[in-house]
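> Okay, here's the structure, questions in a sec.
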């Protein structure tokens, strides 16, 4: 408490001071109108922990109560509690006006099941690859696609539902990052790796699949728990932290895969488009892959910025509400 200003005018005690209370460092003031006349000069005594105000009655008779109003003044803590209760009541009133979604539980059940299936799929991929790595060592790099490819096909085909979920409003995730990630991965998986047998035995396949699976080990459980209103802080931290090294490494592995596939597409002419005469020009698919390399790094930048904003939102310092 600092610089208290206390006075009695027309039987009303006026108080004003700078201090630290329920509203933080602020100016606090109140008025008390006494039931019967009092002396106009209060006696104040300030200590380190409290302020004592003594007010003398003009007549020494018994009062039914201290103040003229029947209800005593509310403290700052009581006022703050009352405001919170009013906010809660207003929120309930607003929610009651919003029409209830009859398919709410069905949608929630679908999202839980989707995230659970994806988590189990990528867990199988990660565990399988890890066990093979410990048993076979570097030899496991060369047959990753033939061992893991079918499950990765399944998980990445199912991932197309993430775009649909965002389109129809089942989830609040923005559409563009979902499209960039799903189509970027599926292009690598189905077009580059799936169409070229020469690429399927490359060691880079191991790193692509491994980075993808580690990221999803934390992403899908986080979303699954969010569907039922549960937040586990260690999982939240892992969800919004592990992507920092893994996402650029995954993008680098995908770029290496594209670079290694360009000579093969040039040699075989696969997916190249020959235009009819008189132009007699062939658009090489390998040339399109070179353009895709630029788009790949732009996509990494888009998703990196999106994930950074999400991390700041979920793990950044909490802002205190100031009244």
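Backbone N, Cα and C define each Cβ position, glycine as well.
In TrEMBL, annotation is done automatically, which means it is predicted and not curated.
Take a look at what TrEMBL says about it:
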type: DOMAIN; residues: 1-67; note: domain 'CS'
type: TRANSMEM; residues: 110-131; note: transmembrane segment
type: TRANSMEM; residues: 151-168; note: transmembrane segment
type: TRANSMEM; residues: 175-193; note: transmembrane segment
type: TRANSMEM; residues: 205-225; note: transmembrane segment
type: TRANSMEM; residues: 246-265; note: transmembrane segment
type: TRANSMEM; residues: 285-304; note: transmembrane segment
> Residue list, the transmembrane segment (246-265) vs rest of chain: Cβ under 8 Å, 6 or more residues beyond ends.
184, 188, 192-193, 196, 198-199, 202, 204-205, 207-208, 211-212, 214-215, 271-272, 284-286, 289-290, 292-293, 296-297, 299-300, 303-304, 307
> Average the pLDDT scores across the domain 'CS' (1-67) and report the rounded value.
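Looking only at the domain 'CS' (1-67), pLDDT averages out to 82.
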> Using DSSP, tally how many residues of the domain 'CS' (1-67) sit in helix, strand and coil.
0 helix, 40 strand, 27 coil
